[in-house]
Amino acid sequence: MRNKPWAIDYLESNAHIVDVNNTYSKKIKTFFDKDQPIHIEVGTGMGIFITTLAQQNPEINYVGIEIDKNVMIRVTEKVLELGLSNVRLLLLDANTLMDYFNENEVDKVYLNFSDPWPKVRHAKRRLTHSRFLSSYKQLLKKDSIVEFKTDNRGLFEFSLISMNAFGMTFENLNLDVHDDEPKENIRTEYEEKFSQRGHKIYWIQASF
Ligand code: SAM
């Protein structure tokens, strides 16, 4: 995505939707109008997934976490357009999740088409590496679910091994989501793109 020099100014002018400066760190509940269960998506991208879910589930508060300020503009625009009061966005690196959230605060984590980081020396950057799983375990309530979707077979296999080694339980697995696609599946931007190229979409739900 092209760099937009005005990105931070734009995001800061929408501080009721996007937290750019960790204002709601350790008090995320106060960012929302209603006190409801919190679901987070790490690596939100342009936001089709989280805004669609939020429209379908007004009784859930959704937090979109995105590191890229230029990408964050797009999801902010969607939240504004749709007037969603149950989506709030954090311009945040997932490495710092536990500086931001309290323990046992979140009911579900979504990871969609996370960057695969194919080089072995970059494995620690994969959002299903044990150091991220450790953060999700801390911020999630007991028995909560991590839901992960990708077209990348290498990342999927790595994630299965990583989650298994971490002691997670696999609750559901689908090795070809678009073959007999469940009606509740929400296609993300990357999902649509890779599906059109004929890639299979893998999906897993796992708990700690
Ligand atoms: N989830 C979207 C989808 O399925 O269309 C976007 C997928 S895109 C491949 C991965 C996204 O994760 C990018 O927008 C990237 O900026 C974001 N991301 C990567 N590493 C991150 C990190 N450490 N913390 C937060 N976001 C991150």
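These residue numbers are counts, starting from 1, taken along the chain as shown.
In case you wondered, yes, glycine gets a Cβ from its N, Cα and C as well.
Predicted, not measured: the structure shown is a model, and the values here were computed from it.
A 10 Å cutoff on Cβ-Cβ distances gives GLU66 (S-adenosyl-L-methionine binding site) a total of 27 other Cβ atoms nearby, all chains included. The S-adenosyl-L-methionine binding site annotation in TrEMBL covers GLU41, GLU66, ASP93, ASP115.
If you look up TrEMBL, you'll see LYS119, ASP151, THR188, GLU189, TYR190, GLU191 marked as substrate binding site. Taking a C-beta cut-off of under 8 Å and a sequence gap of six or more, TYR190 (substrate binding site) has these contacts in its own chain: GLY45, ASN112, PHE113, ASP151.
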Inter-residue Cα distance where the pair is GLU66 (S-adenosyl-L-methionine binding site) and THR188 (substrate binding site), in Å: 15
Could you find out if DSSP has GLU66 (S-adenosyl-L-methionine binding site) as helix, strand or coil? strand
Just checking: which of the binding-site residues GLU41, LYS119, ASP151 have a C-beta under 6 Å from ligand 1? none
Cβ distance under 8 Å to GLU191 (substrate binding site), same chain, sequence separation 6 or more: which residues? ASN112, PHE113, LYS149, ASP151, ILE201
